[in-house]
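Notes follow the structure.
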Amino acid sequence: MKLLILNGPNLNLLGSREPDIYGKGNFEDFFRELQQKYKDRELVYFQSNIEGEIITKLQEADQGFDGVILNAAAYTHTSVGIGDAVKAIQTPVVEVHISNIHSREDFRHKSFIAPNAKGVIVGFGLQGYELAIQSFL
Ligand code: DQA
């Protein structure tokens with residue numbers, strides 16, 4: 001089982017960015033913990049602040065990956081291109097958000113990804129990524 005964790009813009013700042021909302025943990029440390037815990041799965045991590053790079057990664061993930069765990073961050077709410085890429089590929093995509101986007105500003109309630117995602121996990125902090133891994137069992 002090979003899974004791609006794909007993070008979008010500003011998620012490289014986890015730990016220092018708005019810790020009240022996103023927590024104090026940094027993603028690289030958390031990812032290493034996930035790799036230790038889920039040794040039976042091959043976990044790959046990629047983060048980009050660039051919309052097109054996220055689209056290219058989704059297209060590439062269609063070859064060789066069993067699933068994608070996608071937190072497209074702010075692009076979730078704006079990117080028709082990322083939504084189209086999720087629709088275009090066969091590999092199932094689980095959408096994750098650290099915060100509960102539905103309890104925040106109205107503009108965060110819209111997702112271009114959700115209609116074509118296998119499922120959506122929001123509001124559980126970094127644990128949401130782990131729940132997404134478990135959803136691929
Ligand atoms: C986020 C929620 C988005 O609205 C926001 O733009 C992010 C992070 C989350 O994980 O809670 O950057 O995707």
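Placed from the backbone N, Cα and C atoms, the Cβ positions cover glycine too.
Note: ARG17 (site 'Transition state stabilizer') has non-local neighbours ASN10, i.e. same-chain residues 6+ apart with C-beta under 8 A of its own C-beta. The site 'Transition state stabilizer' annotation in TrEMBL covers ARG17.
TYR22 (active site, proton acceptor) counts 19 other C-beta atoms within 10 Å of its own C-beta, drawing on all protein chains shown. Under the heading active site, proton acceptor, TrEMBL lists TYR22.
As annotated by TrEMBL, substrate binding site applies to ASN71, HIS77, ASP84, ILE98, SER99, ARG108. Sequence-distant neighbours of ASN71 (substrate binding site): residues of the same chain at least 6 apart with a C-beta under 8 Å from its C-beta are LEU6, ASN7, GLY8, LEU11, GLU95, VAL96, HIS97, ILE98, TYR129. In the three-state DSSP scheme, ASN71 (substrate binding site) is classed as strand.
Here TrEMBL flags HIS97 as active site, proton donor.
One residue stands out among the recorded positions HIS77, HIS97, ARG108 for having the most other Cβ atoms within 10 Å of its Cβ: HIS97. ILE98 (substrate binding site) counts 24 other C-beta atoms within 10 Å of its own C-beta, drawing on all protein chains shown. For ligand 1, the nearby recorded positions are ILE98, SER99; that is, of ARG17, ASP84, ILE98, SER99, these have a C-beta under 6 Å from one of its atoms. Taking a C-beta cut-off of under 8 angstroms and a sequence separation of 6 or more, SER99 (substrate binding site) has the following same-chain neighbours: ILE21, TYR22, VAL122, GLY123. Less than 8 angstroms from the CB of ASP84 (substrate binding site) sits no same-chain residue that is six or more residues away.
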